[in-house]
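Colleague: Features from Swiss-Prot:
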type: ACT_SITE; residues: Lys38; note: active site
type: BINDING; residues: Asp13, Val14, Gly15, Lys16, Thr17, Val18, Asp55, Glu116, Gly117, Ala118, Gly119, Asn176, Arg177; note: ATP binding site
type: BINDING; residues: Thr17, Asp55, Glu116; note: Mg(2+) binding site
Amino acid sequence: MIDAFFIAGTDTDVGKTVASKAILDALNMKGLRTAAYKPIAAGSEDKGDGVQNSDAIHLRSVANVELSYDEVNPYALLLPTSPHIAAAAENIVIDYSVLSKGLASLKAKSDIVLVEGAGGWRVPVSKSDCLSTWVQQEKLPVVLVVGIKLGCLSHAMLTEEAIKHDGLDIVGWVANRVNPGTEHYADIIEMLEDKMPAPKLGEIPYMPSIKRKSMGKYINLDSLMEI
């Protein structure tokens, strides 16, 4: 079984954290020791206990291995914008060795680590590099989250092409219904199933809130567990 995998999105705000929660819930239901890792998070806040990001806080609460906030999210950036802009505003340089050291530590404490990205696949972390470079270095298998909305078919296929071009395996994809009013939902899913070679791990219905809801029932991990 794999010991870590990366959650990528077709865009920002497609529901990576929603899908991550569902996958973590499903892994927890299988009795595995789970850790969540959000290496870089923008749009964080300082509420008196240090700069923290709401997505990272949520992931930390869902995974069942107890970790400090800094272990889950080593780079919590304030501005809600692209990481390279947010980091530059604070004179922070994203150091891949810090990300790798953190991941190795979580692997040692758990059976499996869910690593959630920021933005889309080619999200820049500096003027010269993207987070995908680090994912390549770590050779992480990828689960792609597709936010079901107008335009998602092109975004999904282009992202899949980019991930494969980078030499990484897409081990599954998750459909997340980000808009309850999206028309032709079934047709979109059918096209994705036809065009995406990787197995569909699940479909998550539209949810205005995911707090205190167990979402593992929406995810089938059989194919992921066989890797």
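Using N, Cα and C of the backbone, Cβ positions are placed for all residues, glycine too.
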Colleague: In whole Å, how far does the CA atom of Arg177 (ATP binding site) lie from that of Lys38 (active site)?
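Modeller: Checking the Cα atoms of Arg177 (ATP binding site) and Lys38 (active site) gives a distance of 22 Å.
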Colleague: Count the other Cβ atoms sitting within 10 Å of the Cβ of Glu116 (Mg(2+) binding site), across every protein chain shown.
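Modeller: If we count other Cβ atoms within 10 Å of Glu116 (Mg(2+) binding site), we arrive at 28.
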Colleague: Provide the three-state secondary structure of Thr17 (ATP binding site) computed with DSSP.
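Modeller: Once the DSSP labels are grouped into three classes, Thr17 (ATP binding site) ends up as helix.
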Colleague: Excluding Thr17, Asp55, Glu116, which residues of the same chain place their Cβ within 8 Å of the centroid of the Cβ atoms of the recorded Mg(2+) site?
Modeller: Ile7, Lys16, Ser20, Lys38, Ala41, Ala56, His58, Leu59
Colleague: Between the two most separated Cα atoms in Asp13, Val14, Gly15, Lys16, Thr17, Val18, Asp55, Glu116, Gly117, Ala118, Gly119, Asn176, Arg177, the residues recorded as binding ATP, what distance in Å do you get?
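Modeller: Result: 19 Å between the two most distant Cα atoms.
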Colleague: Rounded to the nearest Å, what's the C-alpha distance separating Glu116 (Mg(2+) binding site) and Asp13 (ATP binding site)? Just drop the number here, would you?
Modeller: 13
Colleague: According to DSSP, which kind of secondary structure is Gly119 (ATP binding site) found in, if we only use helix, strand and coil?
Modeller: strand
Colleague: Quick one: Cα separation, Thr17 (ATP binding site) versus the residue listed as 'active site', in Å?
Modeller: 10
